[in-house]
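Colleague: In case it helps, Swiss-Prot gives these features for our protein:
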type: ACT_SITE; residues: Cys380; note: active site, nucleophile
type: ACT_SITE; residues: His515; note: active site
type: ACT_SITE; residues: Glu517; note: active site
type: BINDING; residues: Ser13, Asp146, Ile147, Glu148, Lys186, Thr187, Lys188, Pro189, Thr190, Gln191, Lys222; note: CTP binding site
type: BINDING; residues: Ser13, Lys186, Thr187, Lys188, Pro189, Thr190, Gln191, Lys222; note: UTP binding site
type: BINDING; residues: Ser14, Leu15, Gly16, Lys17, Gly18, Leu19, Asp71, Arg238, Asp239, Ala240; note: ATP binding site
type: BINDING; residues: Tyr54, Gly353, Phe381, Gly382, Met383, Gln384, Glu404, Arg470; note: L-glutamine binding site
type: BINDING; residues: Asp71, Glu139; note: Mg(2+) binding site
type: DOMAIN; residues: 291-542; note: domain 'Glutamine amidotransferase type-1'
Amino acid sequence: MARYIFITGGVVSSLGKGLASAALGALLQARGYKVRLRKLDPYLNLDPGTMSPYQHGEVFVTDDGAETDLDLGHYERFTGRPATKQDNITTGRIYQDILTKERRGDYLGATIQVVPHVTNAIKEFIVSDNDGYDFVLVEIGGTVGDIEGLPFFEAIRQIKNDLPRGDVIYIHLTLLPYIPSAGELKTKPTQHSVKELRSIGIQPDILLCRTDRPIPKEERRKLGLFCNVRESAVIEARDADSIYAVPEAYHAAGLDDEVLAAFAIAAKEPPQLGRWHEINERIRNPEGAVTIAIVGKYTGMKDAYKSLIEALSHGGIANKVQVKLDWIESEVFENEDPAPFLEHVNGILVPGGFGQRGAEGKIEAARFARERNVPYFGICFGMQMAVIEAARNLAGIEQANSTEFGPTPEPLVGLMTEWVRGNELEKRSQAGDLGGTMRLGAYPATLKRGSRVSQVYGGVTEISERHRHRYEVNTAYKDRLEQHGLKFSGMSPDGVLPEIVEYEDHPWFIGVQFHPELKSRPFDPHPLFASFVQAALVQSRLV
């Protein structure tokens, strides 16, 4: 039977509960345990699919097509276990399910209340389908005291009494701020946070304390005394230069030992952390550096590109180089020459996005990369803009555009109205809802034998990648574009949907309709990112 670890947060948001959960999951895995990680999000949206990138950050897409919180990306990257739609739930989804049952009459006329109906639904989600796992780590979004989070805290309070004694522990992630004028770390915010947590019936077993400096013994003693935890359970979570240094740091601080002790499990062998040590050595001691320009639409919110940033770092690990990122808002290129911004970079990456704002700037970035022989990686929207650039400037289709931006006489990119998923035909229309209606999740693609992209993937001709898009390149223009050098080297198995384009006579120019960054891991870098960084490294030696 699985044991449950609940990770809560206090004092301030954005302390890194998702990263802490992922790091602890990796440590337990390294001890030979099988782990599952889940995220509870208290917001009323059904999922983050229609939320602004500036408010939510990245939407992480799973193989089975769920649009989820970006923390699930941390879970996958640290443990290697693919997340599913059953690993993330929101208040909105819970309420939708409850109200559907109420309309159906499932509650037999009962008054529907937060307790017990909402809390029971949360508990059912937490404990469902956990057979075969040793530990289930559950992160509760937000901070203790948030009104919207109260049903979740009540549910995890109840669940300790529902399960056998000793099967549940609580870890509270908090902040110890340093006050320069006083010259000391302050424990009072943490004491108040734990007091709030205890007032709703939850006594934390472990305090994970974010800090930028060592915690003095006296402060540990004080936290243990006033928060009612053992002094050994006050774990120092020091700021790290790399997120991949966190598992080793947490182990050195005793987190995994304390977790096992809280469950009364005798630690037999130390965790096998050799692979973590190896990648951290590569990160700390690179043999070179490359600069990649990310020409995006949401560069003011780096979390909107979280998996992309990590995938590029994985490409750097694979090539033993540091990847430096130069963030450029694509709208800049609509009024200014891109050359001064891009002449010094070793590669250009144009990521996904939605809407007309900044689209022309992305087209200019693709043109610069093509004409100057700079490695170019276009992802989703970035591929579509590269195709429009080729149509306008190589094939002479001056009015080439996307119907996403409005009516156009030359629809190089258009709305997908139907596609095949498994054995079923999916259909969409312009009048449909926005939420949950895109082409989402893992789909197969067939690669052209002998193409550059096939070589990047190791010579295979069949791949599976995750998608999140509503628009697709129009195959009616395929022959004209190929006559001018832009090759369609990857297609859906039925030959209907273009998946990959490339230039054969360019050092490295690849556009993909899918999101390869979602499947990259520090120990298994995605081949496209490893190859792109390698091409950037070659380019860096030419200038």
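Each position is counted from 1, following the chain as shown.
Glycine is treated like the rest: Cβ placed from N, Cα and C.
Structural setting of the listed features?
Modeller: The DSSP secondary structure for Cys380 (active site, nucleophile) is coil.
His515 (active site): 24 other CB atoms within 10 A of its CB, across all protein chains.
A sphere of 10 angstroms centred on the C-beta of Glu517 (active site) encloses 26 other C-beta atoms.
The number of other Cβ atoms within 10 Å of the Cβ belonging to Ile147 (CTP binding site), over all protein chains shown, comes to 8.
Cβ environment of Pro189 (UTP binding site): Gly10, Val11, Thr174, Leu175, Leu176, Pro177 lie under 8 Å away, each six or more residues apart in the same chain.
DSSP assigns Asp239 (ATP binding site) to coil, not to a helix or a strand. Around Asp239 (ATP binding site), taking its Cβ as the centre, 11 other Cβ atoms fall within 10 Å, counting all chains.
Note on Phe381 (L-glutamine binding site): other Cβ atoms within 10 Å of its Cβ, all shown chains, come to 27.
For Asp71 (ATP binding site), other Cβ atoms within 10 Å of its Cβ number 27.
Within the model, the domain 'Glutamine amidotransferase type-1' (291-542) shows a mean pLDDT value of 92, rounded to a whole number.
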Colleague: Is it possible to get the count of other C-beta atoms within 10 angstroms of the C-beta of Cys380 (active site, nucleophile)?
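Modeller: Within a 10 Å radius of the Cβ of Cys380 (active site, nucleophile) lie 22 other Cβ atoms.
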Colleague: Tell me which of the binding-site residues Lys186, Lys222 sits in the most Cβ-dense spot, judged by other Cβ atoms within 10 Å.
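Modeller: The most densely surrounded of these binding-site residues is Lys222.
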Colleague: Please give the UTP site's span as the largest CA-CA distance among Ser13, Lys186, Thr187, Lys188, Pro189, Thr190, Gln191, Lys222, to the nearest whole angstrom.
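Modeller: Max span of the UTP binding residues, Cα based, is 23 Å.
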Colleague: If you draw a 10 Å sphere on the Cβ of Gly382 (L-glutamine binding site), how many other Cβ atoms land inside?
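Modeller: Taking every protein chain into account, the count is 26.
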Colleague: Taking every protein chain shown into account, which of the binding-site residues Lys188, Arg470 has the largest tally of Cβ atoms within 10 Å of its Cβ?
Modeller: Arg470
Colleague: Which ones are near Asp71 (ATP binding site): of the binding-site residues Lys188, Thr190, Met383, which have a Cα within 10 Å?
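Modeller: Of Lys188, Thr190, Met383, within range: none.
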Colleague: Report, in whole Å, the straight Cα-to-Cα distance of Glu404 (L-glutamine binding site) from Gly16 (ATP binding site).
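Modeller: Checking the Cα atoms of Gly16 (ATP binding site) and Glu404 (L-glutamine binding site) gives a distance of 36 Å.
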